[in-house]
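K.L.:
Sharing a structure, written as structure tokens. Questions coming.
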Amino acid sequence: MNPYILATLLFGLGLGTTITFASSHWLLAWMGLEMNTLAIIPLMAQLHHPRAVEATTKYFLTQATAAAMLLFASTTNAWLTGQWGIQQMTHPVPITLITLALALKIGLAPVHSWLPEVLQGLDLTTGLILSTWQKLAPFALLLQIHPTNSTLLVMLGLASTLVGGWGGLNQTQLRKILAYSSIAHLGWMILILQFSPSLTLLALLTYIIMTSSAFLVFKLNKATNINALAISWTKTPALTSLTPLVLLSLGGLPPLTGFMPKWLILQELTKQDLATTATLAALTALLSLYFYLRLSYAMTLTMSPNNLPGTTPWRLPSTQLTLPLAISTMAALSLLPITPAVIAMLTP
């Protein structure tokens, strides 16, 4: 892609998110979301492969539906209350509609089915943008409207953690596994949104760090399915020994970074007398842990067959920058000791 066009599209992505962050009026927020969507569509379709074009079309239709729902709900709110402000949502009907529209935008269950299909059709770089940056603007709106329907949020959260764990069990494609991982992590964030928005932000930040690390590892290895992971030990032995730790961090195992948000979320849910919800969420995390362990096993404990296509990637040097990979990997592995500082910052 022409670097000037690429710079323009990335600027559009950043501007759309910034407009949504800075908006206090629903029309401005909607405009920022639309700019975001329109900026990423050429990036998704840049390969000119039928699968990429199909994924782009699915993404566009889904996002257009969510944006139409958002516009309809905000207009309904203005009709019912006379207010267009994001933080002046008082009527339960538009709040519920907007929550569902934003759930569709980020891919929460039960409106999640577009996300694995779209991510599977993209290259890993665009998939990384879709899994991380594109979540920021909808979450900013969710945090601002303070959804009052706790039952809806708990149901969305539990359904997402369950679907994210269950859907990833039988997958062999890494991008689909990362998509279901995204759905599960988003479920944890939504679960705690009403009780502690700062914990939602913490979970989102750690999710972005860990997912970036996983995507950059797979990009360096040019791996798109589980079998391709088995040849990575020949090419990057040091990275191959660290990657299972990144995957287990995504699964939420101590003493890795991914344990911190889950631990604090379960603690907060218990404080809110939602012990059953916390137990169910912890049980669904075991499903996700299974397929992270499966990836770790395939990467470190299996040997690839030495056929000709299997040995080709060993001879191809990577041109990828290693600094972002190093920073995100270290953050994904070693931020757990700062948990007391995080708790102190979160406590008002």
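Any Cβ shown, glycine's included, is placed from N, Cα and C.
What TrEMBL lists as domain 'NADH:quinone oxidoreductase/Mrp antiporter transmembrane' is 23-287. As annotated by TrEMBL, domain 'NADH dehydrogenase subunit 2 C-terminal' applies to 289-342. What TrEMBL records for 60-80, 92-115, 151-170, 177-195, 201-218, 238-254, 274-293, 323-346 is transmembrane segment.
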K.L.:
Go through the chain and flag residues at least 6 beyond the ends of the transmembrane segment (92-115) whose CB is under 8 A from any CB in it; none is fine as an answer.
P.N.:
33, 58-59, 62-63, 65-67, 69-70, 72-74, 76-77, 80, 134-135, 138-139, 141-142, 145, 147-149, 152-153, 156, 159-160, 162-164, 179, 182-183, 186-187, 190
K.L.:
May I ask which of the stretches 60-80, 201-218, 274-293 has the most CB pairs under 8 A with the transmembrane segment (238-254)?
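P.N.:
Maximum Cβ contact count belongs to 274-293.
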K.L.:
I'd like to know the mean pLDDT over the domain 'NADH dehydrogenase subunit 2 C-terminal' (289-342).
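P.N.:
Computed over the domain 'NADH dehydrogenase subunit 2 C-terminal' (289-342), the mean pLDDT is 80 on the 0 to 100 scale.
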K.L.:
Would you confirm whether the transmembrane segment (274-293) and the transmembrane segment (151-170) meet the contact rule of 3 or more C-beta pairs below 8 angstroms, pairs 6 or more apart in sequence?
P.N.:
yes
K.L.:
Using a Cβ-Cβ cut-off of under 8 Å, list the residues of the same chain that are 6+ residues beyond the ends of the transmembrane segment (323-346) and lie near it.
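P.N.:
Here the qualifying positions are 196, 198-199, 202, 206, 209-210, 212-213, 216-217, 220, 239, 242, 245-246, 249-250, 254-260, 263-264.
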K.L.:
What else in the chain is close to the transmembrane segment (60-80), if you only count residues 6 or more beyond its ends and a Cβ gap under 8 Å?
P.N.:
26-27, 29-30, 33-34, 37, 41, 89, 91, 93-95, 97-98, 100-102, 104-105, 114, 118
K.L.:
Same-chain Cβ contacts of the transmembrane segment (201-218) under 8 Å, 6 or more residues past its ends?
P.N.:
124-125, 127-128, 131-132, 135-136, 139, 143, 174, 178, 181-182, 185-186, 188-189, 192, 224, 239, 243, 246-247, 249-250, 257-258, 260-261, 264-265, 320, 324-325, 328-329, 331-332, 335, 342, 346
K.L.:
I need to check the long-range neighbours of the transmembrane segment (177-195): which residues 6 or more away from its ends have a CB within less than 8 Å of a CB in the stretch?
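P.N.:
Sequence-distant neighbours of the transmembrane segment (177-195): 103, 106-109, 112, 115-116, 118-120, 127, 131, 135, 139, 142-143, 146-148, 150, 153-154, 156-165, 167-168, 171, 203-204, 207, 211, 214-215, 250, 261-262, 265, 268-269, 272, 277, 281, 284-285, 287-288, 291-292, 295.
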